[in-house]
Amino acid sequence: MGRLRVLLLWLAWWLSQAGIAHGAGSVRLAGGLTLGGLFPVHARGAAGRACGTLKKEQGVHRLEAMLYALDRINADPELLPGVRLGARLLDTCSRDTYALEQALSFVQALIRGRGDGEEASVRCPGGVPPLRAAPPERVVAVVGASASSVSIMVANVLRLFAIPQISYASTAPELSDSTRYDFFSRVVPPDSYQAQAMVDIVRALGWNYVSTLASEGNYGESGVEAFVQISREAGGVCIAQSIKIPREPKPGEFHKVIRRLMETPNARGIIIFANEDDIRRVLEATRQANLTGHFLWVGSDSWGSKISPILNLEEEAVGAITILPKRASIDGFDQYFMTRSLENNRRNIWFAEFWEENFNCKLTSSGGQSDDSTRKCTGEERIGQDSTYEQEGKVQFVIDAVYAIAHALHSMHQALCPGHTGLCPAMEPTDGRTLLHYIRAVRFNGSAGTPVMFNENGDAPGRYDIFQYQATNGSASSGGYQAVGQWAEALRLDMEALQWSGDPHEVPPSQCSLPCGPGERKKMVKGVPCCWHCEACDGYRFQVDEFTCEACPGHMRPTPNHTGCRPTPVVRLTWSSPWAALPLLLAVLGIMATTTIIATFMRHNDTPIVRASGRELSYVLLTGIFLIYAITFLMVAEPCAAVCASRRLLLGLGTTLSYSALLTKTNRIYRIFEQGKRSVTPPPFISPTSQLVITFGLTSLQVVGVIAWLGAQPPHSVIDYEEQRTVDPEQARGVLKCDMSDLSLIGCLGYSLLLMVTCTVYAIKARGVPETFNEAKPIGFTMYTTCIIWLAFVPIFFGTAQSAEKIYIQTTTLTVSLSLSASVSLGMLYVPKTYVILFHPEQNVQKRKRSLKKTSTMAAPPKSENSEDAK
């Protein structure tokens, strides 16, 4: 620090001797206390030149605002009475290094004061003292600079000499560091507030994926850094790309910027912290890339509500949202500035250049001639009448900065020079540290009526106006900036006032991923919290929240859009169902036929045909057939405890009763035939009573088993939601049924199927019985056909176990198979007999008796007769 200070002292002394930045390069006002001023009167020069073109608004307007403020303060008898404020106003040429050279002139008086002892000992040859230049003004405080990079460079010098500095435009967050920039203050809020406001705007617009664009330097880079940091802490906003525009951009640099931005086309929102020149060239590159309307700009206060960055580029700027520290147009300055002329404003050395630029004319200087191609200035032109005029946005803050110093000096004067008019010895010279204390303590209403104050870091409170550039009647060139909101610690954005290309009131998206539709969840991309893939909540899952899918409960299915669950419809086989038509038809016809046959047999109970068929077992068999047909109605009926109990009992009872009777009858025929081969003694248990006992004994096993089942597992109805849980939830149904599984159902029929197989075996064995045993072959054909029916039933029944129509197919298959097996028995064994009884009664007579001996001569000697076995 010591070496740097010595170096700066030497450099400042050399500049003072050389006369640099003194005289023609500055605006000077005499006064008891001198304020310094730094303004970007000219743009940065190119090709090695320090300064470029004149900046009418940012430069001249702001400089004149300081002169206007000084005039008002010096004319105010209540503020600093007896003290006149002077000024030394310099041009920074928008370059930090050049501004540093200029700012060194502010410390010349301090250097001279400290070097007087040394200079007194210096003598020229002959003892003549050296010639001295006029002593420079002692600058007590500095207003400026504009760009943050310039303010940082200057602040590093001014703090060494304890000269307070107040900026009217520098907003870099870096300048809030009071340990490094302890003599720096500003009447504009730092970019940390601005960045917070921009984050709030982005979130209010529903954007979560944006890119940032910054001019190289403290302002742009610090602003973007603050935005990124705040957005990261707030969450919900991701940065697609952060692009920096070089301080000295090469040809094609801005086309490269646009190409990089298009690498993430979904990030349409562009947060731009850039100077006016860079903003303009970015818009030009956008037009040349034919991307007008694609990017959605959110500009910082360097864009604000200025026309110059978007002049002739209005189409590209339509929809841009910009931010500007809350300000108001100062009417008094407008009146002051619009009355400035070449005659009454000779103190501003750059005003003639402004005049030529503003009126597009040329002044004739002494010894020269005006350019023939340019109109000659008359000097009678009027600002605002012969040229366009709009007050520059930072004029208010320049005035407030000057007044802040004046109020601080006034408070300091009252404290150090009580009752004294003019400066007192306590303020000569003015101590910079003491003045800084009073600056930080000021609080007054500024030129726009808003409070001016500083916090402990020298920052002003954050208050911003939010604008949007909007087309007028569809024309961008005739559009303008419209106020759409404010920010003061919280955002107030009028969404209805916003206008966009396309649908004027629909905010264009700037999102990494489009919002997921109903019934879809976000599957986040690792490492990019704002990007996701949409994954459908398919099957029986529904969307719980934007990140989660869950399965619906077993008794429910998802809504069509999978945003919730709804009860699964319950179905059953109804009487009106097409699936029930055929089983019911067969059952009705079967019951009618069975009833007719039973009635016929009972009416002709003592006729030879009825007697020969074995009346007792025939009635048992017909009863079983009747029950088989009747079970169809129980299978179609609505399931309940009583129906389910009846199904268990009757499902196997009818078939067991039928096949027990057929087995008993077939076994009797087989035993009689086999016994006849060996002897004439009849086999045991062939009487009708024995046959009934055997039949009911076989049937009782089924009854006992079912009763035990009913006791162990009481019947009840259930709703099975798995049976018709199809791939498509819309087709899912809950099935109301009895609590009988497929295996339970087969188990219920298993015993009767065993009897059927056994009966078939005996029928095969008895196939060689003589024709006198006339029922052997019909029974055989009955059993063969029945076996075929049940063999077909098994694959159909179990092959449809996974079908959505399972309840219908299986019930229909079972009932039809039962009815067909019953119909085969009825048709093979009793229809022919009934036909003879009803239509050929002449054949229902007892034929000649054949003795058992006669009948069995083919196998063994006769021993007895049995009229029941012959027709």
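Note that Cβ sites are derived from N, Cα and C of the backbone, with glycine treated the same way.
Positions annotated as L-glutamate binding site by Swiss-Prot, on the basis of similarity to another entry: Ser148, Ala169, Ser170, Thr171, Tyr219, Asp301, Lys394. Look at Swiss-Prot and you will find Cys51-Cys93, Cys238-Cys530, Cys361-Cys377, Cys417-Cys424, Cys512-Cys531, Cys516-Cys534, Cys537-Cys549, Cys552-Cys565 tagged as disulfide bond. Swiss-Prot lists Asn290, Asn445, Asn473, Asn561 with the feature N-linked glycosylation site, giving sequence analysis as the kind of evidence. What Swiss-Prot lists as region 'Disordered' is 848-871. The transmembrane segment annotation in Swiss-Prot covers 580-602, 617-637, 649-667, 692-712, 743-764, 778-800, 814-839 and is backed by sequence analysis.
What Swiss-Prot annotates, mapped onto the structure for a quick look.
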{"residue": "Cys93", "record": "disulfide bond", "Cβ within 10 Å": "25"}
{"residue": "Tyr219", "record": "L-glutamate binding site", "Cβ within 10 Å": "31"}
{"residue": "Cys238", "record": "disulfide bond", "Cβ within 10 Å": "19"}
{"residue": "Asn290", "record": "N-linked glycosylation site", "Cβ within 10 Å": "8"}
{"residue": "Asp301", "record": "L-glutamate binding site", "Cβ within 10 Å": "26"}
{"residue": "Cys424", "record": "disulfide bond", "Cβ within 10 Å": "13"}
{"residue": "Asn445", "record": "N-linked glycosylation site", "Cβ within 10 Å": "11"}
{"residue": "Asn473", "record": "N-linked glycosylation site", "Cβ within 10 Å": "6"}
{"residue": "Cys530", "record": "disulfide bond", "Cβ within 10 Å": "21"}
{"residue": "Cys531", "record": "disulfide bond", "Cβ within 10 Å": "18"}
Can you tell me which of 580-602, 692-712, 743-764, 814-839 gets the most C-beta pairs within less than 8 Å of the transmembrane segment (649-667)?
743-764
Between C-alpha atoms, which of these binding-site residues comes nearest to Cys361 (disulfide bond): Ala169, Ser170, Thr171, Asp301, Lys394?
Lys394
Cβ packing number for Ala169 (L-glutamate binding site), 10 Å threshold:
27
Against which stretches of its own chain does the transmembrane segment (778-800) lie, if we need a Cβ under 8 Å and a gap of at least six residues from its ends?
662, 665-666, 669, 742, 753, 756-757, 759-760, 763-764, 766-767, 806, 809-810, 813-814, 817, 820-821, 824-825, 828-829, 832
If the L-glutamate site is taken as the center of the Cβ atoms of Ser148, Ala169, Ser170, Thr171, Tyr219, Asp301, Lys394, which further residues of that chain fall within 8 Å of it by their Cβ?
Ser146, Ala147, Ser151, Ser167, Ala172, Val188, Asp191, Ser302
Nearest of the binding-site residues (Ser148, Ala169, Ser170, Asp301, Lys394) to Cys552 (disulfide bond), judged by Cα-Cα distance:
Asp301
Cα distance (Å, whole number) from Asn561 (N-linked glycosylation site) to Cys512 (disulfide bond):
24
Output the single range from 580-602, 692-712, 814-839 maximising the number of Cβ pairs under 8 Å to the transmembrane segment (617-637).
580-602
Just give me the nearest neighbour of Ala169 (L-glutamate binding site) among the recorded positions Asn473, Cys516, Cys549, Cys565, Cα to Cα.
Asn473
Within the same chain, the residues 6 or more beyond the ends of the transmembrane segment (814-839) and with Cβ under 8 Å of it are 582-583, 586-587, 590, 593-594, 596-597, 600-601, 604, 607, 609-610, 613, 618, 621-622, 625, 628-629, 631-632, 635-636, 654-655, 658, 662, 745, 775, 778-779, 781-782, 785-786, 789-790, 792-793, 797
Ser170 (L-glutamate binding site) and Cys424 (disulfide bond), distance between Cα atoms, whole Å
34
Roughly how many Å separate the Cα of Asn561 (N-linked glycosylation site) from that of Cys93 (disulfide bond), to the nearest whole number?
64
Using Cα positions only, nearest of the disulfide-bonded residues to Asp301 (L-glutamate binding site) (Cys377, Cys516, Cys531, Cys534, Cys537)
Cys531
Which one is it, among the recorded positions Asn445, Cys516, Cys531, that lies nearest to Cys565 (disulfide bond) by Cα separation?
Cys516
Fill in the CA-CA distance, Cys531 (disulfide bond) to Thr171 (L-glutamate binding site), as an integer in Å.
32
Inter-residue C-alpha distance, Cys93 (disulfide bond) and Tyr219 (L-glutamate binding site) (nearest angstrom):
17
Using C-alpha positions only, work out which of the binding-site residues Ser148, Ser170, Tyr219, Lys394 is nearest to Cys516 (disulfide bond).
Tyr219
